[in-house]
C-alpha cells in the first residue's frame, strides 16, 4: 500500500513540476492560448464556409441508391445520408447539374420498368408474354409520369386490358386504377386529380375517363363513382362565381356614378340549375267543324242493282215461264246543287214508279272523308347553367351631413331610386323568387393592408441576415479569445520584462547616486532586492523539488500536520 501511495505522490509531483515549469516560462501559456484561439477561429470559419446540403433524391431503392452513389464517387461530389438513409444529400449548388448528369445515364431507374423492357425481348417470345411486357411497360411509364408531379411521392398504375373480340356485343372497355403516395403535408386539388384521370385515359386506347379510379395512400377515393372526378363540381363552382361576380359588377357599375364607387358594396348569391333536360311534347286539338277543317283525303263508293224478281217457286211448268220484258224508268237530268229537295222527290217518284212497274232496285252509296289533324310537336332542350333564383344585398354609405358635420342617411325617395336601379340591373323577377335588400348605413374607415411585404420581412433579407450573423459570431468569438485569453498573457509577459529590466538597472542607479539616496529610492531598492531574493529562493525550491521530490513532499506534509 505504501508503494501505491508513493507512486501516486510521484505522479502528482511530476504534474506539479510540469505546471511549475509552464508558469516559470511565460511564453508557453501565450503559445497555448494563441493556438487555441487560432483553432477556434479556423473551426468557425470552416463552419461558416461549409456548403449547404440539399436533397438530391429520396426514397430510392437499393439498386438505384447504389448506382447513384457510385456515380457520385466517380464525379468527386461529396454526399451525405439523412432521414435514416432515406434521403441522399449533396451540396446545394450541384443539385441541378448532378440530376441532369444522372438522368443522362438513366438514373434513377425507379421501381417500375418502362418501355426499355421491350428493348431486351428475345426472338422466340410468345404473344402472351409480349402482351404482358407491353402492359408492364405502359404501367411503368404512366407511374413515372405521375411521379413527376410535385405533390406525388410515389405512384402505381394497374391496367386491365381485355382481349379484343370480333363481336361488338362482347367487346369490353379497359379500366385502370392509380394508387398515389403523396408528399407529407401535400394534397391534390380537383384540377390535378382530373388531370391524372384524363392523362391515364388518353394514354390507353379505348379507356374512358369513367373507368379510371384514383386512390391515395390512406385509402381515400379521390374520384367520384361516376368517374368524372370532381372536375364537374369545380366547373360548377367556377361558373357560379362568374355569374355572381358579373351581377355584382353590373350593380356596382350602375350605382358608382350616383353614390361613388367607394360608397357602395354589393353581394350576389345565384342559385343555378346545372341539370340538362330534354322534353318533346305532341299536342292534338279537339275536332273542328267540317267546313273549317282541311280535307286530307276523300273516297266515295256507289253501287246500284236493277232487275226483275228472282227466279223461284215450285219446280214445274209454272215456274219455268219466261219473265216479263223489263221496262227502263224515265231518267231526267241531274238536279243542281241547290235543288237537293226536288232531286230527292224525283228519285222517290222514280223508285215508286219502278216499284209499281214491278222492277226491283238496290242502291248503295259509301263516302269516306279524312280531315287533317291539328297536331303540335314541341321539342325543348334546357342546357345546364340556368339561373333559378337571385339573392342580392346592397349596402350604400351615408352621403349627406348635417350642420355639425355628422353623416345623415338617405331619404326614402333616394333609397327607392337606388332599389329600382338595382332591380333593373339584376333583372329582377318575382316569379323566379328573386330577393333584394338595400341598406343605407355609414361605412367604417378600414385600414388598407396588403401589398408587398416590407424588405425586412422578405426571405432574401432574412437569408442575408443569417449569413451576416455567422460572420459576426466568428468576430465575436475571436474578440473574446483575444480579450480573455491572449491579452492577459501578453500583459503578464510585459510586466515580467519590465520588472526584470528594473531589477537589472537598480544597482547601477544606486552606484550613480550613492552619495544622497532618498527614502523612496531606498524603499524601491529594498523591494527589488526582496523580489530578486524571492525569485532566487523559489528557483532553489524548484531545483530541490526536481532533484528530491520526496523531501519536498515530506516537508509540505509536515506543514499541513502542524497547521491541523
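Even glycines carry a Cβ here, placed using N, Cα and C.
Of the listed segments 7-27, 28-48, TrEMBL assigns transmembrane segment to 28-48. Of the given residue ranges 477-508, 509-540, TrEMBL assigns the label region 'Disordered' to 509-540. Sequence-distant neighbours of the compositional bias 'Polar residues' (282-304) (same chain, 6+ residues past either end, Cβ-Cβ under 8 Å): 361-378. Helix, strand and coil counts from DSSP across the compositional bias 'Polar residues' (282-304) read 0 helix, 13 strand, 10 coil. If you take every residue in the domain 'Flagellar M-ring N-terminal' (49-223) and average the pLDDT, you get 82.
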